[in-house]
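According to TrEMBL:
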- 1-113: domain 'Protein-arginine deiminase (PAD) N-terminal' (DOMAIN)
- 115-273: domain 'Protein-arginine deiminase (PAD) central' (DOMAIN)
- 284-658: domain 'Protein-arginine deiminase C-terminal' (DOMAIN)
- 350: active site (ACT_SITE)
- 469: active site (ACT_SITE)
- 471: active site (ACT_SITE)
- 643: active site (ACT_SITE)
């Protein structure tokens, strides 16, 4: 339905007004009628479309009816579909008549000027701004959806700047402008009309800290771009150029969707009419366009690797070399965070999570900085944030726990669950549920993850672990069949079954941890006879089985989609579980190349039986297994290969706005 405005007429003097292209004017024919008039006749010049609404019927003029009764509910509607060449070049005349009179008892004249005022953005999501017939005031999901998209401008295009671009009110480079979304104000019609009216671009108070708007007028010089909306600036008076019909504004997101902010932001342009001196301006037309701020999106293990990160510390030269060799096999660049930058903090997986943001016109990676803030706390800002590499963080004012580290933040590959598609996968986080009390992820981090909407999070039970991270008992690897991946779960049951097999084959006296100095070397017989260890691993298996059931329901998995990786844990219920030998599911996945913690299992026929079983499970999927010795550099510190590495991966080919959350 077209935007409509009521116009008061007068038989004492002519009335002049503006009709905006695409809108309707409703003429108050009864309000201006002489006292004894009972009927009216209306006619207009060729550029005006006239309709009389009488007794719920709309009749286009001219018609066979010459005069219309001045009855309650009768109104005259008009529209114009061509721009005026001059001010007041179209007109409408209303003549009023008595009961049987042939001579009008009064006439009301209306002079009209048709102009175009339109606020547009890339609502069709094509990568360019164009006028469309879709409703700009709404935003809809799906492949047939519409609505403009805004990126949080959280990179740092100027290397000299100290903070991300969304924390200043300046345009520092043309690259900065390219991160922003265009919003175009079109004004067409006689230019003198705009001299007598005011155009105001404005936004809602509640959105002012979520977006910023820049405008350079007719100039392309960087220094001419001024911050015109956002913060304390809620309105900006636009002066249309005499020579240009379009004014281009650049819009940047300042904040990601979060608790209390669903991500939708509206901008309005209002045409104000100036009445007689001493009176306030009155709005005669408003156009609105709605943007959605693009979410932060995680990438799963199965996505192609683009860059591998690892920290160099005092005793991990061999580990760094092994990770570098894997990266070379995967044809993936390696970034080593040196000791002065990591400050003896080797757990780079716990500090950050790599993701990305995407709009039709631009995609760039964004690193999510965890609230753990240990030795690596400055690394994301100092070494990762930069041109086309964004940064976002959340703090935990209530204090942090180990569950706030991002080893406790994973995402599945794309899945379909009972007909519901999750084309970007589902985020997986660890919690103390179903245990009463215990540790939980910080509210600010959890709220942020849920607010992104496109990777509906699933809470798993991880508080049974001493460290408490989901990457200690699960991982995903690519596969050529079924759903395109396998879920790997640590399995004490599978480990006991394997060790029992080897015992029955006569290898019961074969020991673990051969080649490691000053490490106890229990035999298979000793492990199987250790009732305390078995009971504890029965408990661990029950915790993992609980998560297995959740994952099957939440990800739509069947048993053939899951592989059980032999693994034992030690510890107690009060203090939590840690890996008995290097935790093989805590692996580095670089395409088909897997960097797996070397378990130092019993040697059977010259080969580690744990490694052999894992190869048997994974190599038929086209995967290559490289076992990395992380025993003294990571395992004894309660972490493994995945904990000590991080990977930036290729964004999904699927566009997030095509999904229906």
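Using N, Cα and C of the backbone, Cβ positions are placed for all residues, glycine too.
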Notebook entry, point to check: According to DSSP, how is the domain 'Protein-arginine deiminase (PAD) N-terminal' (1-113) divided among helix, strand and coil residues?
Noted result: 0 helix, 55 strand, 58 coil
Next item on the list: Could you tally the C-beta atoms, other than its own, that fall within 10 angstroms of the C-beta of residue 469 (active site)?
Entry: 27
Check: Which value does the mean pLDDT take for the domain 'Protein-arginine deiminase C-terminal' (284-658) in this predicted structure?
Finding: 97
Next item on the list: Would you count the other CB atoms within 10 A of the CB of residue 643 (active site), including those on all shown protein chains?
Entry: 27
